[in-house]
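K.L.:
Let me give you the structure first, and then I'll get to my questions.
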Amino acid sequence: MSFSLTSFSEPSQKPFFSNFGAIVTFAIIGTFVASVVTGGLVYLGGSMYLMYKLPFVECLMFGALISATDPVTVLSIFQELGTDVNLYALVFGESVLNDAMAISLYRTMSLVNRQSSTGEHFLMVVIRFLETFAGSMSAGVGVGFTSALLFKYAGLDTENLQNLECCLFVLFPYFSYMLAEGVGLSGIVSILFTGIVMKRYTFSNLSEASQSFVSAFFHLISSLAETFTFIYMGFDIAMEQHSWSHVGFILFSILFIGVARAVNVFGCAYLVNLVRQENQKIPMKHQKALWYSGLRGAMAFALALQSLHDLPEGHGQIIFTATTTIVVVTVLLIGGSTGKMLEALEVVGDDHDDSMSEGFEESNPRYIPPPFSIGASSDEETSSSGSRFKMKLKEFHKSTTSFTALDKNFLTPFFTTNNGDGEEE
């Protein structure tokens, strides 16, 4: 997972957090749907003798690990060509958060697979998943907020304490990772949310010299990690043993992840657009770009490596070979054709749509969803299940916008040294 604190460059924080509700929808709901759809299609394909048949739980494990997207190449081209900032925020935010979701789903399914036959109820599966995901997220957020308070009140932003300040800032994410692993949670998920919180609140409490240093340091570490990951993958393809006797499994898996990606993107975009105002809806060309940008990378490869130890009878080898092939194919094909795709969808140089993110900042904290839709009477509204569903979505949308106001009015002043007005600059 190629994530660093410097990934949130200053110009991108505003569209990222103004689109946070949509990002969470794509990353959590969408990743769960994509995992289940992929696993179900793989199991169905095996049952119809189109491909090698795996047990159902192992199909779900494969669906979980292959749903982790890593559009590093796509994002770099987005930045170079100047695409819409909201599209960039959606692709980046989904890739960051869906790694956490994919890890939690994979660990849950792996735990279920180790249980005796089918002896675990669905409720227990859900509880174990929530325990892993919510626990790891809480640990990461807690460490992040603790670091914000420490750097705000400890007085480390003096010239003779800059080395200590930088060292503590670098060590806090590692402490989050060790804390989560020590209590049996996911360290990667924990460090992910620690990075998000520290960039949002802790980073502004550093001195200017320390900010410059840690930005350069994490940028260097991020680049080295990405480079060594792809070097390792290259050596692995050349030196490791792979199971090439089930080519049908690989080919149909590529088709199935494309279908699952479409269900994820277009389904979640429909839900998001239900609660957005007309000028804030996700356009179809952005949805197509989101679907196309779902290439697989380091996280899927790492979880596939883990499957070699988790799955017996060569099933892990089959999944590992298929995942490695999918990673290489998607990186080469999608990464190599992203520029042409952006031109075909006409999203290159789409910076004028930045007003959409500004509209969120200005209107959403004060936006109150209407209790009834325009053009329908109250009786028709309450009697229609579809309208009630839209009302529930708008209530959820209101809660996300109220969180934006909470962050601006309370969290930012409490955890940082500024009063929250810096966001408007």
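For all residues, glycine too, the Cβ spot is worked out from N, Cα and C.
TrEMBL: automatically predicted annotations, no manual curation.
TrEMBL lists these features:
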- 373-386: compositional bias 'Low complexity' (COMPBIAS)
- 14-343: domain 'Cation/H+ exchanger transmembrane' (DOMAIN)
- 353-386: region 'Disordered' (REGION)
- 20-44: transmembrane segment (TRANSMEM)
- 126-151: transmembrane segment (TRANSMEM)
- 171-193: transmembrane segment (TRANSMEM)
- 213-235: transmembrane segment (TRANSMEM)
- 247-269: transmembrane segment (TRANSMEM)
- 289-308: transmembrane segment (TRANSMEM)
- 314-335: transmembrane segment (TRANSMEM)
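Walk me through the surroundings of each of these features.
P.N.:
Sequence-distant contacts of the transmembrane segment (20-44), counting only residues of its own chain at least 6 positions beyond either end whose CB sits under 8 Å from a CB of the stretch, comprise 51, 53-54, 56, 59-64, 66-68, 89-90, 93-94, 96-98, 100-102, 105, 252-253, 256-257, 259-261, 263-265, 267-268, 271-272, 282, 290, 396-397, 400-401, 403-404.
Residues of the same chain lying 6 or more positions beyond the ends of the transmembrane segment (126-151) and with a Cβ under 8 Å from any Cβ of it are 100-101, 104-105, 107-108, 111-112, 157, 165, 168-169, 172-173, 175-176, 179-180, 183, 185-187, 189-198, 201-202, 205-206, 415-416.
Tertiary neighbourhood of the transmembrane segment (171-193): same-chain residues 1, 3, 5, 96-97, 99-100, 103-104, 107, 131-133, 135-137, 139-141, 143-144, 147, 202, selected by CB-CB distance under 8 Å and a gap of 6+ residues from either end.
Sequence-remote contacts of a segment are chain residues at least 6 beyond its ends whose Cβ falls under 8 Å from one of its Cβ atoms, and for the transmembrane segment (289-308) they are 1-2, 26, 61-62, 64-74, 83, 87, 90-91, 94, 99, 102-103, 106, 110, 226, 229-230, 233, 257, 261-262, 264-266, 269, 315-317, 319-320, 323-324, 326-327, 330-331, 334-335, 338, 341-342, 345, 347.
Sequence-distant neighbours of the transmembrane segment (314-335) (same chain, 6+ residues past either end, Cβ-Cβ under 8 Å): 52, 54-55, 58, 61-62, 65-66, 73-74, 77, 233, 236-237, 241-244, 246, 249-250, 253-254, 257, 292-297, 300-301, 303-305, 307-308.
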K.L.:
Using a Cβ cut-off of under 8 Å, list the residues of the same chain at least 6 residues beyond the transmembrane segment (247-269) that approach it.
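P.N.:
Residues 22, 25-26, 29-31, 33-35, 37-38, 41-42, 45, 50-52, 62-63, 66-67, 282, 287, 290-291, 294, 296, 318, 321-322, 325-326, 329 contact the transmembrane segment (247-269) from elsewhere in the chain.
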